[in-house]
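Marked as topological domain 'Cytoplasmic' by Swiss-Prot: 1-6, 65-70, 123-129, 181-234, 296-303, 364-370, 421-446. Marked as transmembrane segment by Swiss-Prot: 7-31, 39-64, 71-90, 95-122, 130-152, 155-180, 235-269, 273-295, 304-324, 330-363, 371-399, 402-420. Residues or ranges marked as site 'Important for symport activity' by Swiss-Prot on the basis of a curator's inference: ASP22, ILE105. Look at Swiss-Prot and you will find 32-38, 91-94, 325-329 tagged as topological domain 'Extracellular', backed by a curator's inference.
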Amino acid sequence: MKANKYLIFILGALGGLLYGYDNGVISGALLFIHKDIPLNSTTEGIVVSSMLIGAIVGAGSSGPLADKLGRRRLVMLIAIVFIIGALILAASTNLALLIIGRLIIGLAVGGSMSTVPVYLSEMAPTEYRGSLGSLNQLMITIGILAAYLVNYAFADIEGWRWMLGLAVVPSVILLVGIYFMPESPRWLLENRNEEAARQVMKITYDDSEIDKELKEMKEINAISESTWTVIKSPWLGRILIVGCIFAIFQQFIGINAVIFYSSSIFAKAGLGEAASILGSVGIGTINVLVTIVAIFVVDKIDRKKLLVGGNIGMIASLLIMAILIWTIGIASSAWIIIVCLSLFIVFFGISWGPVLWVMLPELFPMRARGAATGISALVLNIGTLIVSLFFPILSDALSTEWVFLIFAFIGVLAMIFVIKFLPETRGRSLEEIEYELRERTGARTE
């Protein structure tokens with residue numbers, strides 16, 4: 001691929017950075033919000049989970065919008081929504097405004113989760129699709145780390161408004177940057193604009209590959225089914241179920257319990273407020289570094305092998321952490337918790353973190369890719385909502401180690417699911433994957 005065109009993918013993936021920032025920033029901001037706006041454990045859970053309720057709506061609506069408006073224009077709209085939500089949060093003076101701001105941010109987060117991976121996948125040449133698709137996850141981890149660093153920087157002045165409001169900066173960069181980016185060539189071809197699709201492909205593809213790729217795209221488009229006909233068809237229904245289960249397993253393994261409540265977990269272990277936030281910075285740094293490694297291996301190692309290997313590592317980390325907390329006690333095991341959470345992040349960041357966002361768009365056909373990815377993202381957000389809402393409740397009711405054991409058991413189920421139900425997609429064009437899945441499920445391809 002032409003090296004100077006990576007800017008397209010970096011700017012396209014900025015939506016992932018905003019998703020990560022708004023996921024990560026709340027863990028530090030919660031330590032100080034309650035000093036200005038009274039919060040108890042219930043209202044704290046509502047503030048955290050309200051973003052996820054918005055994300056469910058955003059993910060569910062953005063899929064059809066991405067297919068109708070185009071990937072690029074929808075990302076521009078998402079950036080505007082991010083800006084509005086961040087400004088409301090920064091200006092919040094009561095619980096209601098906090099919840100409204102988080103709901104609006106959630107709309108943008110849900111839209112970003114379903115639209116950005118599709119845009120990156122459809123723009124990328126086959127041999128680089130895994131690496132470039134992983135840019136979305138890398139940006140998510142950079143956003144989380146940026147949130148932790150901002151939290152630490154403003155901890156001394158208890159500046160939670162700055163923590164929440166600074167999301168405006170990358171939102172404006174995304175809005176301006178995506179304005180100058182091209183539309184997905186597959187969306188252009190789907191909307192009968194072959195010449196524009198060819199011009200875009202000249203930017204990201206080698207010239208020798210363009211005719212072959214366009215031929216495959218047109219053959220798939222020749223299957224005369226509308227978006228909703230494809231979505232309602234039995235063959236896609238089976239694939240959509242696989243995609244949704246894949247998405248919800250990523251959350252039920254417990255990653256966002258770590259992201260949302262990392263500062264609170266460290267505080268419970270006996271660290272001070274600033275030290276708890278600094279511990280989260282370390283977690284975020286590891287997340288970024290291991291995702292960079294994933295970018296270089298995701299197109300060299302089969303996707304399923306990465307997922308299974310990551311599962312084994314995450315399960316081991318959770319089990320060790322649970323046993324040590326059980327035997328030593330959470331107040332006496334702060335550094336053990338940091339080490340175990342770090343290992344958990346390493347194994348997640350090399351596997352389920354990037355691979356989910358690479359594979360989801362790969363599983364679905366062109367005519368329904370935006371809508372089907374949106375539905376999967378909606379289900380993922382429901383899973384995130386359940387985890388974030390019930391983790392502190394279960395942690396108090398059952399103790400933290402039992403919650404980690406539950407996550408480990410779910411990790412075993414996730415590994416079985418990957419082995420039995422997920423197809424391998426590495427090294428194959430999106431059109432080749434669609435042909436195979438149609439044949440495996442008995443759908444016509446003529």
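Along the chain as shown, the residues are counted starting at 1.
Glycine is no exception: its Cβ is also placed from the backbone N, Cα and C atoms.
The model shown is predicted, which means the values in this text are computed figures rather than measured ones.
Counting Cβ pairs under 8 Å that are 6 or more residues apart, the transmembrane segment (273-295) and the transmembrane segment (7-31) reach 3 or more and are in contact. In this chain, the transmembrane segment (304-324) does not touch the transmembrane segment (95-122); fewer than three CB pairs sit within less than 8 A of each other, excluding pairs fewer than 6 residues apart. Under the criterion of 3 or more C-beta pairs below 8 Å, with sequence separation of 6 or more, the transmembrane segment (304-324) and the transmembrane segment (155-180) do not qualify as touching, having fewer than 3 such pairs. Here the topological domain 'Cytoplasmic' (364-370) has, by DSSP, the following mix of helix, strand and coil residues: 5 helix, 0 strand, 2 coil. Within the same chain, the transmembrane segment (130-152) stays apart from the transmembrane segment (371-399): fewer than three Cβ pairs sit under 8 Å, each pair at least 6 residues apart. Residue counts for the topological domain 'Cytoplasmic' (65-70) under DSSP, helix first, then strand, then coil, are 5 helix, 0 strand, 1 coil. Among 7-31, 39-64, 330-363, 371-399, 7-31 has the largest number of CB pairs under 8 A with the transmembrane segment (71-90).
Helix, strand and coil content of the topological domain 'Extracellular' (32-38), in residues and according to DSSP, is 2 helix, 0 strand, 5 coil.
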